[in-house]
(Lines of atoms letter the chains of each structure in order from A and count residues from 1; the text may use other names and numbers.)
(Lines give C-alpha, C1' and ligand atoms only; values in the text may rest on other atoms or scores of the structure.)
Protein backbone atom coordinates (compact mmCIF):
# COMPACT_ATOMS: atom_id res chain seq x y z
CA UNK A 1 0.00 0.00 0.00
CA UNK A 2 2.84 2.38 0.83
CA UNK A 3 4.39 1.95 -2.60
CA UNK A 4 1.27 2.75 -4.61
CA UNK A 5 0.18 5.57 -2.27
CA UNK A 6 3.45 7.47 -2.24
CA UNK A 7 4.05 7.02 -5.95
CA UNK A 8 1.07 9.27 -6.64
CA UNK A 9 2.30 12.16 -4.55
CA UNK A 10 4.21 13.69 -7.42
CA UNK A 11 1.27 14.12 -9.80
CA UNK A 12 2.87 16.42 -12.36
CA UNK A 13 4.93 13.51 -13.62
CA UNK A 14 2.55 10.65 -12.87
CA UNK A 15 1.14 8.18 -15.37
CA UNK A 16 -2.03 6.12 -15.19
CA UNK A 17 -0.37 2.91 -14.03
CA UNK A 18 -0.32 1.03 -10.75
CA UNK A 19 3.16 2.22 -9.82
CA UNK A 20 4.17 5.07 -12.14
CA UNK A 21 7.50 6.02 -10.58
CA UNK A 22 10.80 4.33 -11.45
CA UNK A 23 14.20 4.27 -9.78
CA UNK A 24 16.15 7.51 -10.11
CA UNK A 25 18.70 7.52 -12.92
CA UNK A 26 19.94 10.93 -11.80
CA UNK A 27 21.44 11.02 -8.32
CA UNK A 28 20.68 13.86 -5.93
CA UNK A 29 24.24 15.17 -6.27
CA UNK A 30 24.10 15.02 -10.07
CA UNK A 31 20.72 16.75 -10.10
CA UNK A 32 21.95 19.65 -8.00
CA UNK A 33 25.16 19.90 -10.02
CA UNK A 34 23.30 20.03 -13.34
CA UNK A 35 20.88 22.68 -12.09
CA UNK A 36 23.56 24.99 -10.74
CA UNK A 37 26.00 24.42 -13.60
CA UNK A 38 23.27 25.48 -16.00
CA UNK A 39 22.51 28.59 -13.95
CA UNK A 40 26.20 29.53 -13.80
CA UNK A 41 26.93 28.98 -17.50
CA UNK A 42 23.82 30.85 -18.63
CA UNK A 43 24.81 33.72 -16.32
CA UNK A 44 28.12 34.07 -18.17
CA UNK A 45 26.30 34.41 -21.50
CA UNK A 46 23.79 36.82 -19.97
CA UNK A 47 26.55 39.05 -18.61
CA UNK A 48 28.27 39.03 -22.02
CA UNK A 49 24.98 39.99 -23.69
CA UNK A 50 24.37 42.91 -21.34
CA UNK A 51 27.98 44.09 -21.50
CA UNK A 52 27.91 44.22 -25.30
CA UNK A 53 24.65 46.14 -25.34
CA UNK A 54 25.84 48.70 -22.80
CA UNK A 55 29.42 48.98 -24.02
CA UNK A 56 28.72 49.23 -27.73
CA UNK A 57 25.23 50.73 -27.99
CA UNK A 58 24.95 52.44 -24.57
CA UNK A 59 21.49 51.03 -24.04
CA UNK A 60 19.46 47.89 -23.53
CA UNK A 61 16.82 46.67 -25.99
CA UNK A 62 13.09 45.96 -25.40
CA UNK A 63 13.75 42.19 -25.33
CA UNK A 64 16.40 42.41 -22.60
CA UNK A 65 13.99 42.64 -19.60
CA UNK A 66 12.39 39.36 -20.66
CA UNK A 67 15.78 37.62 -20.73
CA UNK A 68 16.78 39.07 -17.35
CA UNK A 69 13.46 37.93 -15.90
CA UNK A 70 13.93 34.47 -17.41
CA UNK A 71 17.35 34.05 -15.81
CA UNK A 72 16.13 35.20 -12.38
CA UNK A 73 13.26 32.72 -12.62
CA UNK A 74 15.68 29.97 -13.69
CA UNK A 75 17.73 30.80 -10.60
CA UNK A 76 14.60 30.51 -8.44
CA UNK A 77 13.80 27.20 -10.16
CA UNK A 78 17.21 25.81 -9.16
CA UNK A 79 16.84 27.14 -5.61
CA UNK A 80 13.45 25.47 -5.14
CA UNK A 81 14.55 22.06 -6.40
CA UNK A 82 17.69 22.26 -4.28
CA UNK A 83 15.53 23.01 -1.25
CA UNK A 84 13.13 20.10 -1.85
CA UNK A 85 15.59 17.61 -3.36
CA UNK A 86 15.63 15.60 -0.13
CA UNK A 87 11.85 15.28 -0.31
CA UNK A 88 12.03 14.36 -4.00
CA UNK A 89 14.33 11.40 -3.38
CA UNK A 90 12.43 10.52 -0.22
CA UNK A 91 9.32 10.20 -2.39
CA UNK A 92 11.22 8.14 -4.98
CA UNK A 93 12.44 5.77 -2.27
CA UNK A 94 8.89 5.38 -0.97
CA UNK A 95 7.51 4.78 -4.45
CA UNK A 96 10.09 2.10 -5.26
CA UNK A 97 9.79 0.32 -1.91
CA UNK A 98 13.18 1.31 -0.49
CA UNK A 99 11.44 2.76 2.56
CA UNK A 100 9.01 0.35 4.18
CA UNK A 101 8.11 2.21 7.37
CA UNK A 102 6.52 5.64 7.10
CA UNK A 103 8.27 8.26 9.26
CA UNK A 104 6.19 10.51 11.58
CA UNK A 105 6.68 13.55 9.33
CA UNK A 106 5.62 11.67 6.21
CA UNK A 107 2.69 13.95 5.32
CA UNK A 108 4.66 17.12 6.01
CA UNK A 109 7.50 16.05 3.72
CA UNK A 110 5.17 15.08 0.91
CA UNK A 111 3.25 18.33 1.29
CA UNK A 112 6.53 20.24 1.11
CA UNK A 113 7.38 18.37 -2.10
CA UNK A 114 3.99 19.16 -3.64
CA UNK A 115 4.34 22.86 -2.87
CA UNK A 116 7.86 22.89 -4.25
CA UNK A 117 6.74 21.03 -7.37
CA UNK A 118 3.94 23.53 -7.97
CA UNK A 119 6.18 26.56 -7.46
CA UNK A 120 8.99 25.13 -9.61
CA UNK A 121 6.57 24.22 -12.39
CA UNK A 122 5.00 27.69 -12.54
CA UNK A 123 8.36 29.45 -12.28
CA UNK A 124 10.05 27.14 -14.78
CA UNK A 125 7.42 27.56 -17.47
CA UNK A 126 7.23 31.31 -16.89
CA UNK A 127 11.00 31.47 -17.37
CA UNK A 128 10.81 29.40 -20.55
CA UNK A 129 8.01 31.50 -22.02
CA UNK A 130 9.82 34.73 -21.10
CA UNK A 131 12.62 33.54 -23.38
CA UNK A 132 10.13 32.84 -26.17
CA UNK A 133 8.59 36.30 -25.78
CA UNK A 134 12.05 37.90 -25.87
CA UNK A 135 12.67 36.22 -29.23
CA UNK A 136 9.35 37.52 -30.54
CA UNK A 137 9.98 41.06 -29.28
CA UNK A 138 13.44 40.90 -30.87
CA UNK A 139 11.91 40.23 -34.30
CA UNK A 140 9.28 42.99 -33.95
CA UNK A 141 11.50 45.67 -35.49
CA UNK A 142 12.46 43.65 -38.55
CA UNK A 143 10.17 44.22 -41.52
CA UNK A 144 7.54 45.95 -39.39
CA UNK A 145 6.32 47.83 -42.48
CA UNK A 146 5.63 44.60 -44.33
CA UNK A 147 2.04 43.44 -43.92
CA UNK A 148 2.82 39.71 -43.99
CA UNK A 149 5.51 40.08 -41.34
CA UNK A 150 3.20 42.08 -39.08
CA UNK A 151 0.48 39.45 -39.40
CA UNK A 152 2.92 36.61 -38.78
CA UNK A 153 4.36 38.43 -35.77
CA UNK A 154 0.97 38.88 -34.09
CA UNK A 155 -0.06 35.30 -34.89
CA UNK A 156 3.10 33.88 -33.31
CA UNK A 157 2.76 36.19 -30.30
CA UNK A 158 -0.88 35.22 -29.80
CA UNK A 159 -0.08 31.52 -30.13
CA UNK A 160 2.71 31.76 -27.55
CA UNK A 161 0.54 33.67 -25.07
CA UNK A 162 -2.34 31.22 -25.52
CA UNK A 163 0.03 28.25 -25.12
CA UNK A 164 1.39 29.68 -21.89
CA UNK A 165 -2.16 30.11 -20.58
CA UNK A 166 -2.88 26.45 -21.38
CA UNK A 167 0.31 25.26 -19.66
CA UNK A 168 -0.48 27.23 -16.51
CA UNK A 169 -4.20 26.53 -16.63
CA UNK A 170 -3.85 22.74 -16.87
CA UNK A 171 -1.92 22.44 -13.61
CA UNK A 172 -3.72 20.18 -11.14
CA UNK A 173 -4.04 22.82 -8.42
CA UNK A 174 -6.60 20.69 -6.61
CA UNK A 175 -3.99 18.08 -5.76
CA UNK A 176 -0.91 20.28 -5.50
CA UNK A 177 -2.53 22.68 -3.03
CA UNK A 178 -4.27 20.08 -0.84
CA UNK A 179 -3.19 19.27 2.70
CA UNK A 180 -3.05 16.40 5.18
CA UNK A 181 -5.26 13.35 4.76
CA UNK A 182 -7.30 15.16 2.12
CA UNK A 183 -4.11 15.40 0.08
CA UNK A 184 -3.88 11.61 0.04
CA UNK A 185 -7.44 11.02 -1.16
CA UNK A 186 -7.31 13.72 -3.84
CA UNK A 187 -3.91 12.86 -5.27
CA UNK A 188 -4.66 9.12 -5.35
CA UNK A 189 -7.71 9.50 -7.57
CA UNK A 190 -7.25 7.68 -10.92
CA UNK A 191 -8.49 10.71 -12.82
CA UNK A 192 -5.73 12.80 -11.24
CA UNK A 193 -2.92 10.62 -12.57
CA UNK A 194 -4.60 10.24 -15.96
CA UNK A 195 -5.10 14.00 -16.25
CA UNK A 196 -1.50 14.76 -15.32
CA UNK A 197 -0.18 12.16 -17.76
CA UNK A 198 -2.04 13.88 -20.60
CA UNK A 199 -1.09 17.43 -19.60
CA UNK A 200 2.60 16.51 -19.42
CA UNK A 201 2.47 15.52 -23.09
CA UNK A 202 0.28 18.50 -23.97
CA UNK A 203 2.58 21.09 -22.40
CA UNK A 204 5.61 19.52 -24.07
CA UNK A 205 3.84 19.60 -27.44
CA UNK A 206 3.00 23.28 -26.97
CA UNK A 207 6.58 23.97 -25.94
CA UNK A 208 7.86 22.40 -29.15
CA UNK A 209 5.23 24.02 -31.40
CA UNK A 210 5.91 27.50 -30.03
CA UNK A 211 9.62 27.00 -30.68
CA UNK A 212 8.91 26.04 -34.28
CA UNK A 213 6.67 29.09 -34.68
CA UNK A 214 9.58 31.28 -33.56
CA UNK A 215 11.87 29.51 -36.02
CA UNK A 216 9.30 30.28 -38.74
CA UNK A 217 9.29 33.94 -37.73
CA UNK A 218 13.08 34.17 -37.89
CA UNK A 219 13.15 32.35 -41.25
CA UNK A 220 10.59 34.76 -42.65
CA UNK A 221 12.76 37.70 -41.57
CA UNK A 222 15.93 36.29 -43.12
CA UNK A 223 14.07 35.48 -46.34
CA UNK A 224 12.76 39.02 -46.76
CA UNK A 225 15.71 41.01 -45.45
CA UNK A 226 18.42 41.29 -48.07
CA UNK A 227 21.80 40.68 -46.49
CA UNK A 228 25.07 39.30 -47.74
CA UNK A 229 24.96 35.53 -48.13
CA UNK A 230 27.49 34.82 -45.39
CA UNK A 231 25.52 37.06 -43.04
CA UNK A 232 22.29 35.19 -43.76
CA UNK A 233 24.01 31.86 -43.22
CA UNK A 234 25.54 33.02 -39.95
CA UNK A 235 22.27 34.40 -38.61
CA UNK A 236 20.34 31.37 -39.85
CA UNK A 237 22.77 29.13 -38.01
CA UNK A 238 22.31 31.07 -34.79
CA UNK A 239 18.51 31.14 -35.02
CA UNK A 240 18.38 27.43 -35.87
CA UNK A 241 20.02 26.71 -32.52
CA UNK A 242 16.47 26.92 -31.17
CA UNK A 243 16.13 23.37 -32.48
CA UNK A 244 18.44 22.27 -29.66
CA UNK A 245 15.85 23.53 -27.16
CA UNK A 246 13.24 21.45 -28.99
CA UNK A 247 15.48 18.39 -28.80
CA UNK A 248 16.02 18.85 -25.06
CA UNK A 249 12.27 19.21 -24.47
CA UNK A 250 11.59 15.99 -26.39
CA UNK A 251 14.39 14.09 -24.66
CA UNK A 252 13.03 15.22 -21.29
CA UNK A 253 9.69 13.49 -21.89
CA UNK A 254 10.60 10.61 -24.20
CA UNK A 255 13.60 9.59 -22.11
CA UNK A 256 11.74 9.73 -18.81
CA UNK A 257 9.81 6.42 -19.00
CA UNK A 258 11.64 3.32 -17.84
CA UNK A 259 9.71 0.06 -18.28
CA UNK A 260 6.47 1.99 -18.49
CA UNK A 261 7.30 4.17 -15.48
CA UNK A 262 8.53 7.73 -15.07
CA UNK A 263 11.87 8.78 -13.65
CA UNK A 264 11.08 11.99 -11.78
CA UNK A 265 14.71 12.93 -11.25
CA UNK A 266 15.24 12.73 -15.02
CA UNK A 267 12.33 15.09 -15.70
CA UNK A 268 13.54 17.69 -13.21
CA UNK A 269 17.14 17.48 -14.44
CA UNK A 270 16.25 17.90 -18.11
CA UNK A 271 13.83 20.73 -17.44
CA UNK A 272 16.70 22.60 -15.80
CA UNK A 273 18.90 21.82 -18.81
CA UNK A 274 16.20 23.11 -21.17
CA UNK A 275 16.05 26.43 -19.31
CA UNK A 276 19.84 26.81 -19.39
CA UNK A 277 20.15 25.94 -23.09
CA UNK A 278 17.34 28.35 -23.97
CA UNK A 279 19.02 31.17 -22.04
CA UNK A 280 22.34 30.54 -23.75
CA UNK A 281 20.77 30.48 -27.21
CA UNK A 282 18.69 33.61 -26.68
CA UNK A 283 21.84 35.43 -25.56
CA UNK A 284 23.63 34.35 -28.73
CA UNK A 285 20.78 34.91 -31.15
CA UNK A 286 19.55 38.27 -29.90
CA UNK A 287 22.72 40.34 -30.03
CA UNK A 288 21.39 42.00 -33.20
CA UNK A 289 25.01 42.53 -34.04
CA UNK A 290 27.11 41.58 -37.04
CA UNK A 291 30.86 41.24 -36.82
CA UNK A 292 31.73 43.35 -39.82
CA UNK A 293 34.56 45.62 -40.74
CA UNK A 294 34.19 49.31 -40.16
CA UNK A 295 34.23 49.88 -43.90
CA UNK A 296 31.26 47.54 -44.43
CA UNK A 297 29.22 48.95 -41.57
CA UNK A 298 29.76 52.58 -42.56
CA UNK A 299 27.97 52.19 -45.88
CA UNK A 300 24.33 53.12 -46.29
CA UNK A 301 21.74 52.08 -48.81
CA UNK A 302 18.06 52.52 -49.58
CA UNK A 303 15.38 50.42 -48.02
CA UNK A 304 12.54 49.90 -50.45
CA UNK A 305 9.10 48.85 -49.22
CA UNK A 306 6.19 48.32 -51.55
CA UNK A 307 2.81 48.01 -49.90
CA UNK A 308 -0.40 48.22 -51.87
CA UNK A 309 1.20 50.04 -54.76
CA UNK A 310 2.88 52.67 -52.55
CA UNK A 311 6.64 52.81 -52.42
CA UNK A 312 8.38 53.97 -49.28
CA UNK A 313 12.12 54.52 -49.40
CA UNK A 314 14.52 55.71 -46.80
CA UNK A 315 18.17 55.54 -46.01
CA UNK A 316 19.23 53.16 -43.28
CA UNK A 317 21.33 54.57 -40.54
CA UNK A 318 24.47 52.70 -39.62
CA UNK A 319 25.43 52.71 -35.98
CA UNK A 320 29.04 51.88 -35.47
CA UNK A 321 31.77 52.29 -32.94
CA UNK A 322 35.51 52.14 -33.02
CA UNK A 323 35.30 48.43 -32.43
CA UNK A 324 33.66 47.88 -35.82
CA UNK A 325 30.35 46.50 -34.48
CA UNK A 326 27.11 47.24 -36.27
CA UNK A 327 23.53 46.66 -35.20
CA UNK A 328 21.60 44.27 -37.43
CA UNK A 329 18.28 46.07 -37.19
CA UNK A 330 19.90 49.24 -38.52
CA UNK A 331 22.43 47.54 -40.80
CA UNK A 332 23.07 49.70 -43.81
CA UNK A 333 23.40 46.73 -46.13
CA UNK A 334 19.87 45.65 -45.22
CA UNK A 335 17.11 45.72 -47.82
CA UNK A 336 13.55 44.58 -47.19
CA UNK A 337 11.64 42.82 -49.91
CA UNK A 338 7.90 43.45 -50.30
CA UNK A 339 5.46 40.86 -49.04
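Note that Cβ sites are derived from N, Cα and C of the backbone, with glycine treated the same way.
Bear in mind that TrEMBL entries carry predicted annotations, made automatically and left uncurated.
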### Query
In TrEMBL, which of 98-117, 178-197, 198-217 is labelled transmembrane segment?
198-217
#### Entry: Segment assigned the feature region 'Disordered' in TrEMBL (from 254-296, 297-339)
297-339
## Note on the structure
Which range is transmembrane segment per TrEMBL? Of 9-30, 229-250, it is 229-250
### Task
State the non-local partners of the transmembrane segment (229-250) in its own chain: residues 6+ outside its ends, Cβ under 8 Å from one of its Cβ atoms.
135, 204, 207-208, 211-212, 214-215, 218-219, 222, 270, 273-274, 277-278, 281, 284-285, 290, 328, 333
